[in-house]
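Chemist: I have a structure here, written as structure tokens, and I will follow up with some questions on it.
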Amino acid sequence: MAIDPQPSSPSLSSETIANDTIGNDNNVNEPSVEPKTQEHQHTVPPRLSRIYSQAHHISKSFIDQNYPGEGTTQAPYRINFLPDDSQNAQLLPRWKKWAFVLLQSLACLATTFASSAYSGGIKQIIRAFGISQEVATLGISLYVLGFTFGPLVWAPLSELYGRKKVFFFTFMVATAFSAGAAGAGSIASLLVLRFLTGSIGSAPLSNAPALIADMFDKSERGLAMCMFSGAPFLGPAIGPIAGGFLGETAGWRWLHGLMAAFTGVTWIACTVFIPETYAPYILRKRAQHMSKLTGKVYISTLDADKPPSSAAHQLKNALTRPWLLLFKEPIVFITSIYISIIYGTMYMCFAAFPIVFQQGRGWSQGIGGLAFTGIVIGVILSIISFAFEDKRYARAARSRGAPMEPEDRLPPAIMGSLLIPIGLFWFAWTTFPSIHWIVPIIGTVFFAWGLVLVFMALLNYLIDSYVIFAASIMAANSALRSLFGAAFPLFTRQMYDGLGVQWASSIPAFLALACVPFPFLFYKYGRQIRMKCEYAAEAANVLQKMRSLHVAVTEDDAMNEAEEMWRARTHNSHASAAHSHGHRRSLSYTRSA
């Protein structure tokens, strides 16, 4: 098994995660597909033969297969990928897979880069529109607030309409809005465009991890996810470095032009080179087009035993289910709060560093952006650390010869939980101008190192704990941490003015220190806690069922089963209470008589 960190929220479909747990992605209990014998060949109109190699990638070899079924409405042919299917993303050459991971990581980097690069032009925006520091900072907060809503919508839509279509349209619109922000004539229009760009452009935050899950099996996915997971943290760290110099020399409009250019180039590159990778969508469209070509009825094996699901139904679940799990499951709530605090602290740095280094040490706007170099180094160290952790976990899984427990994911979080307060206190109390500037920046290295270790390890822990509910768990975590990331920069200026640099910088350090026990407690008592959590216990039951019976279970199925069990327990408890109350009344009547 491999480490499977996911920085964004609803990124992996429940089907992908569930099927990974039993070691089979798309072929659960399905008969093998063999070439049709002559008597089973379909008769296809000659005028359609030229379409095979052009329309929808339907080749004659797809038709001439002996699929299970009879080709009728009652018993449709159940199609799956062929053994050497060129559209099966799992069979792509390794160099292509890594190239696609790199491109999607760049798209994610472009999105998160734009969230913080804006800070490099805040001084010019304040002068241009005559506004306060807090109003100008809304440009960061509203952009990050868009991360709360965007992935909740784009993740389910990518499962209905494919990864490629969703990425194409969302990043195209995000590029247009980013370019529009460069020409904004008022602060209101600038802030609205920033929010829309963050909401619509956040598709890669859910698309990229899903694309990795489409292409790599679980044994290979760890390294790919380690490579990708740096993008959501490197982007915000690099943004102020580039933005500070460009904003200082060319102005804030050119800075937004750079964001639009970065987004536009990655949009073109990903659109041109990355194919559709989501297997259920590919097979669903293939079945539809084969039905049109032959007059027979085809259906994807991945859709055969599932009721049809509309976009409205999936969006409703995507918008409501994460919040249900967030507030009903203690593990989800506590880990999400912890991740949100440290994630918000990272975005607080974009308002705090100008106070500490530009205002406190007299650095220029461009040089002030270089203070984020420590965070960049810390993120890189965490990625290297997780590459080694991935190998350690894989060795432990092989030597055990049995499924690993979710708590086995937590050692990096334990280490990271110690590094975060160490780094934050180090930074807070070495910000005096009399102390060399490199000393507080070294503190930010430890903070960023610990931040990514905790982030990735806790997300892995949640995925392994909830398995079939993982997509909704990731959505809940993503939404909450984005709210914290949007809120923290807004009160930073007042906090630093009221408390002073050292004590204001210590506030997030104390919060992180209060969270240190959580990874230790989950590591020691996590199993007992999970068994007392309704949905975690149901996820464990579903996982056991999939391993023993080799059946695929969807998130909807598991949610329905959990809700039925909850209703049954509630009914039984009410019935028991009513019976007990009636029994007491009977005894009282007897005594009265």
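Glycine too: its Cβ is placed from the backbone N, Cα and C atoms.
In case it helps, Swiss-Prot gives these features for our protein:
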COMPBIAS  9-30  compositional bias 'Polar residues'
CARBOHYD  Asn19  N-linked glycosylation site
REGION    1-45  region 'Disordered'
REGION    570-593  region 'Disordered'
TRANSMEM  98-118  transmembrane segment
TRANSMEM  135-155  transmembrane segment
TRANSMEM  167-187  transmembrane segment
TRANSMEM  195-215  transmembrane segment
TRANSMEM  227-247  transmembrane segment
TRANSMEM  254-274  transmembrane segment
TRANSMEM  337-357  transmembrane segment
TRANSMEM  367-387  transmembrane segment
TRANSMEM  410-430  transmembrane segment
TRANSMEM  438-458  transmembrane segment
TRANSMEM  468-488  transmembrane segment
TRANSMEM  503-523  transmembrane segment
Chemist: For the transmembrane segment (135-155), find every same-chain residue at least 6 residues outside the stretch whose CB is under 8 Å from a CB in it, and list them.
Modeler: 8-11, 114-116, 118-119, 122, 125-126, 129, 166, 170, 187, 190-191, 194-203, 205-207, 210, 315, 318-319, 322, 347, 350-351, 471, 475, 478-479, 482-483, 485-487, 489-490, 492-493
Chemist: Are there residues at least 6 beyond the ends of the transmembrane segment (98-118) whose Cβ is under 8 Å from a Cβ of it, and what are they?
Modeler: 8, 92, 139-140, 143-144, 147, 167, 171, 174, 178, 194, 197-198, 201-202, 204-205, 207-208, 211-212, 215, 224, 227-228, 230-240, 242-243, 255-256, 258-259, 262-263, 266-267, 269-270, 273-274, 277, 347, 350
Chemist: Could you tell me whether the transmembrane segment (503-523) and the transmembrane segment (254-274) are in contact, taking contact to mean 3+ Cβ pairs under 8 Å with a sequence separation of 6 or more?
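Modeler: No, the transmembrane segment (254-274) and the transmembrane segment (503-523) are not in contact.
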Chemist: So which of 167-187, 195-215, 438-458, 468-488, 503-523 has the most C-beta pairs under 8 Å when paired with the transmembrane segment (337-357)?
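Modeler: Per the Cβ under 8 Å count, 468-488.
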Chemist: At a threshold of under 8 Å on Cβ distances, which of 195-215, 438-458, 468-488 pairs most often with the transmembrane segment (503-523)?
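Modeler: The stretch with the most close Cβ contacts to the transmembrane segment (503-523) is 438-458.
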